[in-house]
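Down below is the structure, laid out as structure tokens.
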Amino acid sequence: MPKYRSATTTHGRNMAGARALWRATGMTDADFGKPIIAVVNSFTQFVPGHVHLRDLGKLVAEQIEAAGGVAKEFNTIAVDDGIAMGHGGMLYSLPSRELIADSVEYMVNAHCADAMVCISNCDKITPGMLMASLRLNIPVIFVSGGPMEAGKTKLSDQIIKLDLVDAMIQGADPKVSDSQSDQVERSACPTCGSCSGMFTANSMNCLTEALGLSQPGNGSLLATHADRKQLFLNAGKRIVELTKRYYEQNDESALPRNIASKAAFENAMTLDIAMGGSTNTVLHLLAAAQEAEIDFTMSDIDKLSRKVPQLCKVAPSTQKYHMEDVHRAGGVIGILGELDRAGLLNRDVKNVLGLTLPQTLEQYDVMLTQDDSVKNMFRAGPAGIRTTQAFSQDCRWDSLDDDRANGCIRSLEHAYSKEGGLAVLYGNFAENGCIVKTAGVDDSILKFTGPAKVYESQDDAVEAILGGKVVAGDVVVIRYEGPKGGPGMQEMLYPTSFLKSMGLGKACALITDGRFSGGTSGLSIGHVSPEAASGGSIGLIEDGDLIAIDIPNRGIQLQVSDAELAARREAQEARGDKAWTPKNRERQVSFALRAYASLATSADKGAVRDKSKLGG
């Protein structure tokens, strides 16, 4: 029988000092012996996806206390990728994932907490907390802040739905008037919550459902809707049950590594491909799998991508649907239901509610359930009122979207495409693979060949795009922006958005060892591995080299002879200490970022730290 971890600090005469300090936090004699549960919050006024979380930790804590536990809340940092985008702040985004994971480990282990409720939402916060949860392997439930409502504005006598990416594209489009750009900017992000499309934050919060670590509705129920409060109340009650099951009944099925198993990771990736999730999810799932000591690699993702169809299409891949529409169609469980009926899921998995996949679908799939309260929950919709308050409205759609032929979520028979929304490509400068979000690629450019325009920083590429130096047919290559080379593996949302602003969204490709925002669409290929700073062949590409992209056949090829590449590699190595570094780039890199770079691996490993350098 496992012993409560917290007993280390609450039991025995020699722990009198620790108990004295616990008493100073409000604990009493009656609390010593109860499970101490960490409420891991991420409230900040910097991030719209987290601005409403201040009081939600207290909400969870009250339920924990009522159920017989002791709740202790702490906060992690949270970076807003959209605000950090397009300048030096983006260097800090991905490294913040490791800091978040470490900070959770530090707090939980330093104070011997028995379990956790993780209140996350945006891009690196959910992955960081997920990595920590699987590293610590104590009972955990995730409950995120929820998606933002889609923006809406009237243009050309039509009401159109908007998001952050629309504001970026129109802000740089010379054909768009100042007044229209201003109107879009003011309308794009109307409420608190994670940005309203299938961007990284919402993708990851959906994936926690598929991994079994969050409750049905977590990924899609709007931040502003009153129904979302129930997820927080349930999490506080349920975590005490899970904690007691493990520590008092020796039930290891309550632990996250037994819930988020290899089969669950495969289901999560299957969901990701089917819903056209952010390419960043590949990075984060690979990293989380390593923390769980699960053998889940790019090879597994490649195999899944070849057999899973695209059953859901959401912004940025279309302007028709946002997360509020996914929820109306049944949310994550709705997509999982269609995947299950297509025979594409592992059914022998459980979630934090203790339900198997078939049981979850029977209870929560809108195409199967007889429970009117579940159907009512999935009718929760937007109010269209600007707010930063959680649970501030109770609007509902008149009906569910259960049209699996023409609706937001499709059945296998009516799939958007037989190919899924993500693909792994391999070739002579991406030997370990690279990732493309096929959901956002126009059919006309699934095969594309063009001359390279090479840039050794995102800034130079942006200047060239906006300066008209990139023309139709070009393949923009941005290198030395990987985990080590950046450092920090910047997102390339501005270059991809500005290609659209210049009318080149369907006429150019962009390839990088950096990564892309979940808001990116178009022929945007990232995570090229190995990265240039690690000696990857992307560092050998020269201006004018032809690059052939063949998504249907999963290929990407630099059309240069092996002999020429060998000669270029020899010349690169001859640069000595300057080898595999940018030739003409000035960038101030802090000590903290240099420390990150010294241990960073390439994207095919999840951009995690190289344990071999630490003797691990």
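Quick reminder: no glycine exception, Cβ is built from N, Cα and C everywhere.
The Mg(2+) site recorded in Swiss-Prot includes ASP123, LYS124, GLU491, and the single candidate from ASP80, ASP81, ASP163, ASP166 that the record places there is ASP81. Each residue contributes its Cα atom, and for LYS124 (Mg(2+) binding site) and CYS195 ([2Fe-2S] cluster binding site) these two points are 14 Å apart. There are 28 other Cβ atoms within 10 Å of the Cβ belonging to ASP81 (Mg(2+) binding site). Measuring Cα to Cα from CYS122 ([2Fe-2S] cluster binding site), the recorded positions that fall within 10 Å are ASP81, out of ASP81, GLU491, SER517. A straight line from the CA of ASP123 (Mg(2+) binding site) to the CA of CYS195 ([2Fe-2S] cluster binding site) spans 10 Å. Taking CA atoms as the reference points, CYS195 ([2Fe-2S] cluster binding site) and ASP81 (Mg(2+) binding site) are 11 Å apart. Of all the Cβ atoms in the protein chains shown, 32 others lie within 10 Å of the Cβ of GLU491 (Mg(2+) binding site).
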